[in-house]
Amino acid sequence: MELRAVGFCLALLWGCALAAAAAQGKEVVLLDFAAMKGELGWLTHPYGKGWDLMQNIMDDMPIYMYSVCNVVSGDQDNWLRTNWVYREEAERIFIELKFTVRDCNSFPGGASSCKETFNLYYAESDVDYGTNFQKRQFTKIDTIAPDEITVSSDFEARNVKLNVEERMVGPLTRKGFYLAFQDIGACVALLSVRVYYKKCPEMLQSLARFPETIAVAVSDTQPLATVAGTCVDHAVVPYGGEGPLMHCTVDGEWLVPIGQCLCQEGYEKVEDACRACSPGFFKSEASESPCLECPEHTLPSTEGATSCQCEEGYFRAPEDPLSMSCTRPPSAPNYLTAIGMGAKVELRWTAPKDTGGRQDIVYSVTCEQCWPESGECGPCEASVRYSEPPHALTRTSVTVSDLEPHMNYTFAVEARNGVSGLVTSRSFRTASVSINQTEPPKVRLEDRSTTSLSVTWSIPVSQQSRVWKYEVTYRKKGDANSYNVRRTEGFSVTLDDLAPDTTYLVQVQALTQEGQGAGSKVHEFQTLSTEGSANMAVIGGVAVGVVLLLVLAGVGLFIHRRRRNLRARQSSEDVRFSKSEQLKPLKTYVDPHTYEDPNQAVLKFTTEIHPSCVARQKVIGAGEFGEVYKGTLKASSGKKEIPVAIKTLKAGYTEKQRVDFLSEASIMGQFSHHNIIRLEGVVSKYKPMMIITEYMENGALDKFLREKDGEFSVLQLVGMLRGIASGMKYLANMNYVHRDLAARNILVNSNLVCKVSDFGLSRVLEDDPEATYTTSGGKIPIRWTAPEAISYRKFTSASDVWSYGIVMWEVMTYGERPYWELSNHEVMKAINDGFRLPTPMDCPSAIYQLMMQCWQQERSRRPKFADIVSILDKLIRAPDSLKTLADFDPRVSIRLPSTSGSEGVPFRTVSEWLESIKMQQYTEHFMVAGYTAIEKVVQMSNEDIKRIGVRLPGHQKRIAYSLLGLKDQVNTVGIPI
């Protein structure tokens, strides 16, 4: 009677469920249990037991369902099989189930054998087997768990909770198939079973037509069917681009297209067609842009024009786009002046009045020199020096130096732009200047005394041949009535017989055959006083004494430090990184196993949550203690729901399992850090017991990286590593050892934030930073564990650092398995022999060096997590430091097999080779492109790999690097290539 009551309540909900259904894409239904109204006659096993067809009436219409509810009879194995279903064109089918499940706690005594799930199976066949039923023919699709269960109060109120689940199966290869439902002790009513496949409808997208296509998947790793489209009239595939492709998903939906069609030159897009450009408009290339109006200084265009011709006197530079106005050369520069400064001339001018309509104005300066005696002239670029290159000036001034005296110079300044080279005429102005003097000498004081001044000077080397003597004029400052003159052929002079402590004005002038050259500026130099001379002697003596004292003090300090350092080296190890004892944590972790009653630890460190605040939505995995669900948690305000992950403790648990389950929650509850998984709370007073944590959308780091192979920048990967290191630094500061640090135990959220999780193997450290915890047994993850932890089962934060180095390698290889296919015994032997994981491909040198530091055999020489965070912060702040890549040998790093047999014989087939490197999804790509034999494959280039359709950078590199080893093997055995 209870089942019929359940059926009646479900019938009330059935109509609402049908009204809410909405199909995606174009669905082709193969089986619809509800529509057949009980006429299908499905097979039950064992016959007459278990599943039963029931009928209820709603709105004078019969409603049919299959139900089973043998919850108190011990172990159950009840099967319900559909009739044989012809699959038509389908390769992948969708199975939609609508059902209800009753809460096991609603039965008297809790029904210890009661379950709340059932199993879904399928079997393929080319013929209908009739009533012949064999379990071994069926393959399990999934365990079906309800999102909502019908509890006692719901059942009494006839408020039955209806669940809807959908699964996809494929690819199918036989003519038809069966579905089967296995009951293992649940109270289930199956109201609807609908099986269908999908088609992508005919579509016009981005100027390309795509035909109606059956929604199929190429393979499990490539669930999209690629469909080629055809361009509409006057549309073309862009040069060097890909033709229009759309991907038909297994859901019957078109994804964003790859490649495109563009309206050709002279045509523009109007809705879903290409139309010729109107007169006066043009389009120069196939693109998405519309036709453009002809620019200034062009002639009117005709319909469908691809360009507009320039008016007479106007031009386009080769690099000018056709959309740019036609332009002309500029006029000459304005207001050119030449200002002489000894052997220099400064040329100044202003921009031309007419720029020709362009902004790329540059100036070119040429020089001509003339000898006054003969009147001969010639170019002078080789003998003069410009302040900047003279033929591509953007400024409106330039200084010309090294000019010869008594010479006439003419300078021409030409204005040019991008079209000046298309005409023969020039636009320039000239300025002339006569140089009558040499450049002024540069004077400096070399030495002085109470009665003398030693003065030196210099002039340009090019002018020294014209100077025959130098004239030095000097006088006392303030005496305008007398002065002294000394002449010399050299570049220095000592002025004697001067008064002590007196300032003199000194000027040097060059004398040439033609007359006086330019004079230097007047310098003020002062002789020493008699007291100053004596003081200098005293100061000199004091300085020597001070120097001697400093030398003696330095020697003493050196000896003292040498002795102290020697004692330090004799008493302690040479630790290269910071000492953790310098920073004591503000908070210390408490081991929940020290509590006699684990409930006390739960009460102290966690928040108890009532199960009514938690909603389980779907199974996302299975943990050590039970199933893991994605669900929601009502906030304390009761209005907002947040997504959470829910770990459940399975029925029939032992006391040890209960203690370990609650201890993990007590451990997590003590941590609060951005890079540690956050505990929301626990359900410990109701069954099933639950641990509720924040929900991490991208799941485990290793699986996430394998799915996103090659999609992240190096900076993003280093950012992930920095987050993990920050979390481990926090744990180390709390005197806490993780013991199982690996990429599989790092969770990633939607913002790529990485958080440390899984504290099942973790243990506490004592107050001493170098204390260890010795385990009493249990499995150790060999590939991630430090050698001292493997050999002596002693774990420290230093052993966590070793594991962190392995995580770094996993991240940089996008989730490759450490040490590949080596056995655990081979891994331990290799590590003890000094082998370390080789450089990942495209790994920055600084990152690999940090890995090697983490893998130091002596644990005291490994960096602390604080050091690692600091190093990664510096690398992130200076991204250029990540551009230097470590040396990489693909045949060592990837260790992809290049032969199929032990005797070094190359792979016999291309598919065998691709399967060995886990790239079998590209087998069809190689076959279609004509690479059907190994001899052809080894001739492929990187461009060939891209051309056949391998688009992911990580997959391109994996195939390319495997080819290197393959070529070596082929050459070794002498196969011609």
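Each residue's number is its place along the chain shown, starting with 1.
From the backbone N, Cα and C atoms, a Cβ is placed for every residue, glycine too.
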Out of Tyr686, Tyr695, Tyr730, Tyr736, which residue gets the phosphotyrosine annotation in Swiss-Prot? Tyr736
With the disulphide bonds as Swiss-Prot has them, who is the partner of Cys69, out of Cys187, Cys200, Cys231? Cys187
DSSP three-state assignment (helix, strand or coil) for Tyr629 (phosphotyrosine): strand
What does DSSP give as the helix, strand and coil breakdown of the domain 'Fibronectin type-III 2' (439-530)? 5 helix, 51 strand, 36 coil
Given the modified residues Tyr629, Tyr736, Tyr922, which lie close to Thr648 (phosphothreonine), meaning Cα to Cα within 10 A? Tyr629
Going by Cα-Cα distance, pick out whichever of the modified residues Tyr589, Tyr629, Tyr922, Tyr931 is nearest to Asp740 (active site, proton acceptor). Tyr589
Taking the Cα atoms as reference points, how far is Tyr922 (phosphotyrosine) from Asn408 (N-linked glycosylation site) in Å? 78
Would you mind checking how many other C-beta atoms are within 10 angstroms of the C-beta on Tyr922 (phosphotyrosine)? 22
Nearest to Asn408 (N-linked glycosylation site) by Cα distance: which of the modified residues Tyr589, Tyr629, Tyr736 is it? Tyr736
Across the domain 'Fibronectin type-III 2' (439-530), what does the mean pLDDT come to, as a whole number? 87
Can you tell me how far the Cα of Tyr736 (phosphotyrosine) sits from the Cα of Tyr589 (phosphotyrosine), in Å? 7
Through the lens of DSSP with three states only, how would you label Tyr931 (phosphotyrosine)? coil
Please list, in sequence order, the residues in the chain of Tyr931 (phosphotyrosine) that are at least six apart in sequence and whose C-beta is under 8 Å away from its C-beta. Val910, Val937, Met940, Ile948
